[in-house]
């Protein structure tokens with residue numbers, strides 16, 4: 001069965017475009033829970049007005065995410081990727097459903113007790129995020145760049161769709177009794193269904209696509225053990241291939257060597273997410289003041305970020321816009337930090353139009369640079385090395401997000417009633 005795929009060129013295999021669609025949906029599922037939480041932020045500010053929900057929940061999320069990805073990155077070669085990803089999607093599905101149960105149990109009332117439970121649920125989001133994002137990017141690093149680009153684009157699609165649905169539900173229920181709560185609950189219910197769909201797709205559809213079988217079989221022949229369960233799920237039971245001795249298996253670069261060869265990539269990803277998460281979502285909810293859009297203002301800003309992040313992740317498909325020069329990527333990443341004073345002075349002196357423009361630039365550059373790095377970095381490595389590098393790249397994304405969340409609290413310095 002494996003030999004059938006080993007002698008075929010990837011472009012001649014069926015299922016590439018189906019795989020791209022499935023990868024996009026799986027990308028949506030890996031971030032829709034977190035984006036749902038951000039998008040109903042206006043509701044949580046109504047229920048927990050004294051607890052800085054957007055800042056605190058983001059800060060709670062990150063340690064669980066980082067702790068999990070550190071463990072997975074260190075042990076990636078020994079971990080069953082199929083179980084890892086399935087557990088992640090199942091935890092996502094369960095956790096977002098628990099948000100609905102929590103709200104129904106408390107009847108939408110706040111207090112420190114429900115807030116602590118909310119924080120615990122958000123912690124499980126962090127575990128699931130590290131499990132799925134690291135597992136999927138590591139797995140897709142074994143395959144063609146189009147698949148990892150589709151998955152990463154799906155992360156942005158999650159943000160764009162959740163923002164759009166949130167604006168629709170807010171508009172639909174704004175003038176009804178308890179409308180904000182009803183809109184948030186319907187929104188979370190839709191997100192739960194999306195997560196459940198991802199469980200089914202990853203378990204029963206994705207592993208059976210011919211192009212996915214091809215790349216996983218190729219990775220197994222190069223010594224990758226993480227794909228064995230997925231190959232078995234696809235009906236490839238040739239044990240002589242799955243357990244064959246290969247001299248190259250013992251020659252793979254270790255994590256330290258991979259980091260040294262890709263230090264600019266990991267540092268750039270770290271800096272991209274330090275900047276992004278220092279502004280999103282806390283600054284946009286708490287530091288942008290009152291404008292003509294009223295309670296819609298923060299939601300519109302989040303939506304603009306998400307939509308332009310999505311656009312940025314598809315820009316590399318245009319060849320002359322795909323930045324592959326490593327020095328060029330570093331210059332672009334460092335230039336983004338000019339947005340910090342721009343946001344500060346716009347929040348203080350500018351109007352909502354300028355803020356929307358800055359948020360759009362933040363999203364566009366975040367998506368574009370992320371895809372350029374994730375698609376370029378794994379090239380030239382063996383299957384096991386690609387999987388390891390994929391996990392390391394996600395580790396630095398999440399570490400950057402954590403540092404960014406921490407730095408985001410600095411925006412509260414000098415603000416009245418900040419704490």
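The backbone N, Cα and C atoms fix where each Cβ goes, and this holds for glycine too.
What Swiss-Prot annotates here:
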TRANSMEM  20-40  transmembrane segment
TRANSMEM  56-76  transmembrane segment
TRANSMEM  86-106  transmembrane segment
TRANSMEM  108-128  transmembrane segment
TRANSMEM  142-162  transmembrane segment
TRANSMEM  186-206  transmembrane segment
TRANSMEM  265-285  transmembrane segment
TRANSMEM  292-312  transmembrane segment
TRANSMEM  327-347  transmembrane segment
TRANSMEM  354-374  transmembrane segment
TRANSMEM  393-413  transmembrane segment
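By the Cβ criterion (distance under 8 Å, sequence gap of 6 or more), the transmembrane segment (265-285) is not counted as touching the transmembrane segment (108-128), fewer than 3 such pairs being found. When each of the listed stretches 20-40, 327-347, 354-374, 393-413 is scored by C-beta pairs under 8 angstroms to the transmembrane segment (292-312), 354-374 comes out highest. Counting same-chain residues at least six beyond the ends of the transmembrane segment (393-413), those with a Cβ under 8 angstroms from any Cβ of the stretch are 55, 58-59, 62-63, 65-66, 69-70, 73, 129-130, 133-134, 137-138, 262, 265-267, 269-279, 282-283, 286-287, 370, 373-374, 377, 419. Remote same-chain residues near the transmembrane segment (86-106) are listed as 29-30, 32-33, 36-37, 114, 117-118, 121, 124-125, 127-132, 135, 181, 184-185, 188-189, 191-192, 195-196, 198-199, 202-203 (criterion: CB distance under 8 Å, separation of at least six residues from the stretch ends). A Cβ distance under 8 Å defines the sequence-distant neighbours of the transmembrane segment (56-76), meaning residues of its chain 6+ beyond its ends; these are 34, 37, 44, 84, 118-119, 122-127, 129-131, 133-135, 138, 226, 255, 277, 281-282, 387-388, 391-392, 394-395, 398-399, 401-402, 405-406, 408. With a threshold of 8 Å between CB atoms, the same-chain residues lying at least 6 positions outside the transmembrane segment (327-347) that come near it are 264-265, 268, 271-272, 275, 278-279, 283, 287-289, 354-355, 358, 361-362, 365, 369, 372-373.
Stretch with the largest number of CB pairs closer than 8 A to the transmembrane segment (354-374), among 108-128, 142-162, 186-206: 142-162.
Away from its own ends, the transmembrane segment (142-162) comes close to residues 10, 16, 19-21, 23-32, 35-36, 38-39, 133, 136, 187, 191, 211-212, 215-216, 218-219, 224, 227, 302-303, 305-307, 309-310, 312-314, 316-317, 367, 370-371, 374-375, 378-379, 383, 386-387 of its chain (Cβ-Cβ under 8 Å, at least six residues beyond either end).
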